[in-house]
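Got these off TrEMBL a minute ago, pasting:
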BINDING   247, 314, 315  Zn(2+) binding site
DOMAIN    17-329  domain 'Hcy-binding'
């Protein structure tokens with residue numbers, strides 16, 4: 001299945017593809033951690049509206065290195081550096097539409113190159129688990145770079161047709177670049193989730209997608225919309241193979257998983273942030289407000305019992321976090337809660 005679409009597009013197909021990958025991973029898959037965190041740790045200056053996507057222009061070798069670091073740490077899924085990469089954002093920097101589309105494709109190419117390099121190094125080892133590339137699509141708020149991805153308040157831009165028009169070509173370009181998955185991340189409101197659902201159908205995307213939402217209170221997503229309503233929208237889309245939570249403090253994940261399980265039997269994925277608080281005005285994370293790697297990983301067994309089968313980290317987590325998650329899952333033999341397709 002690696003590098004190929006899930007096929008016919010029925011509800012079972014996208015979810016079944018995810019289930020097969022999870023089962024091939026021994027009942028769980030480990031996702032990578034924070035990309036921007038590690039790019040900065042490797043010397044990248046991300047003080048720019050493009051954020052980590054800036055490195056597609058200035059230092060693609062650092063993106064490749066971070067992908068490799070996460071694969072070495074035990075990740076089965078690496079997420080491309082396209083979360084904040086948009087055609088509109090690149091055009092605002094003076095690039096043509098064609099150049100902007102090429103930069104989007106480049107994010108997938110770099111991740112696939114990193115996977116190939118990693119697999120080549122593993123030829124003398126037993127590689128039984130799948131290694132997947134997920135093309136990241138951030139929210140409209142991520143493009144604005146004004147913190148609205150953590151509120152879901154888009155003002156006059158908050159219409160279904162506007163959001164579909166904004167994301168359409170970006171989705172098509174990333175899908176054409178050949179990822180294994182499309183990752184719709186940090187979705188802050190149900191309107192944008194609905195826009196994604198309609199685009200997946202209208203653009204005839206036959207690559208399994210996942211939807212992940214973010215929450216600040218453990219009940220609603222950040223806009224105040226009901227998580228259960230958002231998960232229901234996700235569940236009703238034949239192209240969505242997994243539903244979950246990202247960029248949310250670890251302490252909230254237990255209750256959020258239980259809410260999602262009320263309305264879907266699709267695989268559940270979770271990749272929380274470190275628990276630190278993001279200051280949207282200063283555009284920085286507030287240090288010493290999160291949990292240590294050890295505390296973060298202490299939640300993992302509970303999340304497995306709750307039904308999560310794809311587990312990783314988001315902002316402010318590192319390869320050390322992912323290595324600890326992988327080790328913990330291997331030791332505990334996390335039991336899959338996947339229904340039969």
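Numbers here mean position along the shown chain, with the first residue as 1.
Each Cβ is built from the backbone N, Cα and C atoms, and glycine gets one as well.
No curator has checked TrEMBL annotations; they are predicted automatically.
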Mind telling me which of the binding-site residues 247, 314, 315 has the densest Cβ neighbourhood, counting other Cβ atoms within 10 Å?
314
For the recorded Zn(2+) site formed by 247, 314, 315, name the remaining residues of the chain with Cβ within 8 Å of the site's Cβ center, in chain order.
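Same chain, not in 247, 314, 315, Cβ within 8 Å: 34, 186, 214, 246, 248, 271, 272, 273, 274, 313, 316, 317.
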Per-residue pLDDT averaged over the domain 'Hcy-binding' (17-329) comes to what?
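Mean pLDDT for the domain 'Hcy-binding' (17-329): 92.
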